[in-house]
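Q: These came from Swiss-Prot, pasted as-is:
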MOD_RES   SER2  N-acetylserine
MOD_RES   SER85  phosphoserine
MOD_RES   SER92  phosphoserine
Amino acid sequence: MSDAQFDAALDLLRRLNPTTLQENLNNLIELQPNLAQDLLSSVDVPLSTQKDSADSNREYLCCDYNRDIDSFRSPWSNTYYPELSPKDLQDSPFPSAPLRKLEILANDSFDVYRDLYYEGGISSVYLWDLNEEDFNGHDFAGVVLFKKNQSDHSNWDSIHVFEVTTSPSSPDSFNYRVTTTIILHLDKTKTDQNSHMMLSGNLTRQTEKDIAIDMSRPLDVIFTSHVANLGSLIEDIESQMRNLLETVYFEKTRDIFHQTKNAAIASSAEEANKDAQAEVIRGLQSL
C-alpha cells in the first residue's frame, strides 16, 4: 500500500456524504483490498450493536477493537458472536485474566455513567494488554463506547480510545492519552411546515494527562483509581466537545446559511436559519 493511495482514500471519505460512510468505506475496500486494514483502523464509523445470548440478550456495541474475523466480543460474557470455531478461538484476542477484571469493573462503572448522562443508550468498554507480561495495574489500552439513538433517526456515537502507561518521570504516575471521536447525525422533519433538516459529521480531539496512583495499594483499589481517572477525563472531554458543537460548529453552519441566502428573502430566510439552528441544538441536547 502506498501512502498516496491511503491519503487519497481518506481525503475522498472526508468529501463524501457522511450518512453513507460505511457504504463508501466498503466500496473503497472492494476497489483496493490492500487498504482494508489501515482504513478499518483509521476511519471511525457509526457503532453497530449485537445481542449477547449468554447474558439475557443484553446489547453491546461493536467496533474494530472487539472484532475478530466477522465476530464481535461481548464485554458482558467475554464471548464472540456469531460464535467462532474452536480453531479460530485459539488465536482470538482476549484480555488477560487480571485485565478482564478491570474490564468488568469499567463496564459496570461506565454503564452507570451512561445512565446518568445519556438517560438511555448503550455503552461498552474493551481493554487489551500492551505487553506480554502479566498485567499488574500498569500499561494497558482500551476503548470506551457510547451510543444514543432517538426515534427520529438522530443518533450520537462517541468513541474514546485510550492508552494508560507508566509516566517516565515517576513510577507512581500514569500518563492517560485519550483520542475522542464524536459521530453525530441529526435528522429533523416538521410535518406542519413540510420541512426536513439533516446534519451529519464527526469531530475528533485528543487529550493527555499525568495522574499519580499509589501503587502500594491492593490491585482492586488501583483498578478503581484507573476507572475513576478515565471517567473524569472522558466526562470533561465530552462536555467540551458538546459545547464546541453547539457554540462553534452550529453557529458556523448558521452563518453559511445566512451568507448564501437570497437577498430578496433575507428577512424570512434569517428567521428560518435561526429556527434551524435552534432545532439542531435541541436535537443535540436530546442525545
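Just so it is clear, glycine is given a Cβ too, placed from its N, Cα and C backbone atoms.
Just so it is clear, the model here is predicted, and its values are computed rather than measured.
Surface or core, plus neighbours and distances: that's what I need for these features.
A: Around the Cβ of SER2 (N-acetylserine), the number of neighbouring Cβ atoms within 10 Å comes to 9.
According to its DSSP assignment, SER85 (phosphoserine) is coil.
Here the Cβ of SER92 (phosphoserine) has 12 other Cβ atoms within 10 Å, regardless of which shown protein chain they belong to.
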Q: Determine, to the nearest whole angstrom, how far the Cα atom of SER92 (phosphoserine) is from the Cα atom of SER85 (phosphoserine).
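A: Rounded to the nearest whole number, the Cα-Cα distance is 10 Å.
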Q: Hey, how far is SER2 (N-acetylserine) from SER85 (phosphoserine), Cα to Cα, in Å?
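A: With distance taken Cα to Cα, SER85 (phosphoserine) is 35 Å from SER2 (N-acetylserine).
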Q: Measure the Cβ-based neighbour count of SER85 (phosphoserine), defined as the other Cβ atoms within 10 Å of its Cβ.
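A: Taking every protein chain into account, the count is 8.
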Q: Could you say whether, by DSSP, SER92 (phosphoserine) belongs to a helix, a strand or a coil region?
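A: The three-state answer is coil.
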